[in-house]
């Protein structure tokens, strides 16, 4: 009984001492949680109003409403009162989770157990971030907060799916959950406006959305009062809700359909752990394929990089065309019947990290790529007679690409299982290989659906289908294998007017997720000319525009590529695998080489013909996709005019049970990305090393595309030297890695975030340079990118940035000159840059690669009355590439540090003091040359002006002061 909420006493003779209605658990939880937050807000506003509305950029009156974190943070007494009420809340909270499980649990159902555990973990993590503030332990506070948000998603959706047949409760849950997740969008937007763009008042608006989340979170759990009304604490079900009895006027079938729609059908079928493992293994195996394929370009690139031209090893790019072997019927029969062998052999690409010799490592990766391409082509072909299984395989492959992007984001654009990674630079190779073996074994545990000698069905042109496959594979690899690629295409400097890699990368993941869903759930639209037209518009916008407009085009293109992948690969799988996938990978290779030729035109045969024509690549890719789509649509039209009900062109799986697991994996990957995104969110509170001395250390380093002499990724080693040399501002050259051949990487992300620096990536990958980037401890107020005159040779990139250095605006130029073989290019570039440097009357520093001898030729254009610049040390005769110039500053030190085996170029650094007054500034500008260049001993300069002692003598890790064997100091 106990339908009355006031009933609290039972007949003791019946064995019941106390009884109360279950809804009181909900109400006590709601009241205690509400009091916790409300009391903190009221008391905090009354006692510390101006302090809790203050943030790192603004205070009252620009910011006038406190955030949740500021309200419940470190101040007494509001923090203590909040913690008291949260402790009181914990009892009803655990009781609420327990009652919900008892109410929804049914024999043979796993979902109630999973949701119950998610509720318990969610409660524990709430206590974690509540009692461990960011001041106590910032990392654990963030980890527990992220965990709480992550487990809120299954708790919310699971509660909707498990709701008893109560129309009012279901309606409230849907509305509240929709409002909760909808609030996250403006919440993130205004947080970015505050944190990145420093907009006054943005944090106040963010605070309102943050408080709205608290209200909605508590309200969602309060709805349980409508369901717990049927329980009395003995505990006994008095209305039969736990047995599924419907007391509502709405039919049960209608309510069940409404719950299924609200949760996307994810929970509609039973959960089977074995099926989940199958899908997880398939997706991981797809991730392994993409990891090996994307590593091939990096290990190939090592050789032309060190040969300064074509090395011959580039031929291994053709290892992808191994599906041509399937044209041999006996071999095809063997491979299709023994897929486990070839799939396991493909894992050689992961074992390659154990091979120390770069040549043998390259061949090991090439073998792994060859086996991987052959295996997947055979798998798709053999499964093509079973649409459900084929769709599952294609989904695993496409979601594997998304997983690769997530992993690369978490590892700062490096893949942790690449052969250029190992334990010393953050690699997880052994773990990845162990999981890959398990995944491959499970992936291949079922036999093929057809043998290798099956006659291919006449279902359109294999050649047309192959052209589409080549365009698709290239688009997926070149644009979607890293979330920062398209963002850097549209990057144009400071102030920030577009997306940023470590803030907005999830937009790329979200668009690819949407694309996968469209391709599976709406294949008719995905294979329409309308969708293709939208994809073409997106490609055009990405190619032609910068900032948000270009990125929106990229997101559209990303969604289209993922949407067309499932039907296009499904169509190709029904034809000859040698023709569709062998020729498809050959066309993909052509596009990859085309993609490199447009920037490497000065080093390759025929290069000048395609110089700087990324637009031609994009047009070729979209035309290839259009040709493949034409073949697919033609088949649909023929089938529609045929009496046969069998659709050859589009996959029509009957059993779609696997989709809920694939969609679940998509959801998990999105959550993992958002968690990494939260941890990587920029703090923008970076501090220089010697602020008290008003000194900054500037450096220039050519980083050789972040591959060291032994073919290992070199970010960690670069980070260590830059940190130990206490460099505040550094120019990095040969830094553009956002191409297939370089692994679609971005070293600047890791260096900037780990060292605590602002970063300007420089001209993007679609600007056809080898890269120039700027990292700074000081805010970058403004920056512009320049492509200097290069009528014959490679393009010369330059950055002109204005930094706020201790309140003084200082201009910094980062520049990479053309090659020695192109003297006219270098002459024109010297004149351009000299005028550019001379155009500013602010203190300035040039961090450059000039390709000239000191005091000769173009040197006298860079160091001239036009530019107003001075050489950091004109007596240093042993220079050819790297130079540091300056004006309007007090140069106090200069050093050259050997490279070890990190790159092929040393690190040059110089120390400068920023004038503190107008009188100091006039002196710095007008000081006579002999006074400016007067050298002194180290003991004659203040301690804060000195270079680290650890690099004297033999130095450390192969780094030491060389050429002069010690730093040089100046004082005037």
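Backbone N, Cα and C define each Cβ position, glycine as well.
A TrEMBL annotation is a machine prediction, not a hand-curated record.
Segment annotation: TrEMBL labels transmembrane segment over residues 528-545 (candidates 528-545, 636-653, 690-707, 708-725). Which of 144-163, 244-263, 324-343 counts as transmembrane segment depends on TrEMBL, and there it is 144-163.
Feature transmembrane segment, per TrEMBL, maps to range 30-49 of the set 30-49, 50-69.
Cross-referencing 204-226, 733-755 with TrEMBL places the feature transmembrane segment at 204-226. Remark: the transmembrane segment (581-604) contacts the transmembrane segment (362-382), by the rule of 3 or more CB pairs under 8 A. Scored on C-beta pairs under 8 angstroms, the neighbour of the transmembrane segment (394-414) with the top count among 283-304, 426-443, 503-521, 551-569 is 283-304.
Note on the transmembrane segment (204-226): residues 23, 25-27, 29-30, 33-34, 37, 41, 53, 62-70, 96, 99-100, 152, 156, 159, 166, 168-169, 172-173, 176-177, 179-180, 183-184, 186-187, 190-191, 193-194 of its chain, located 6 or more positions outside it, place their CB under 8 angstroms from a CB of the stretch. Packing against the transmembrane segment (661-679) from elsewhere in the chain are residues 142, 146, 150, 153, 264, 266, 275-276, 278-280, 283, 392, 395-396, 399, 402-403, 406, 409-410, 483, 502-503, 505-506, 509-510, 513, 516-517, 520: each is 6 or more residues past its ends and has a CB under 8 Å from a CB in it.
Only sequence-distant pairs (6 or more apart) were considered; of these, fewer than three Cβ pairs between the transmembrane segment (283-304) and the transmembrane segment (175-192) are under 8 A, so the stretches are not in contact.
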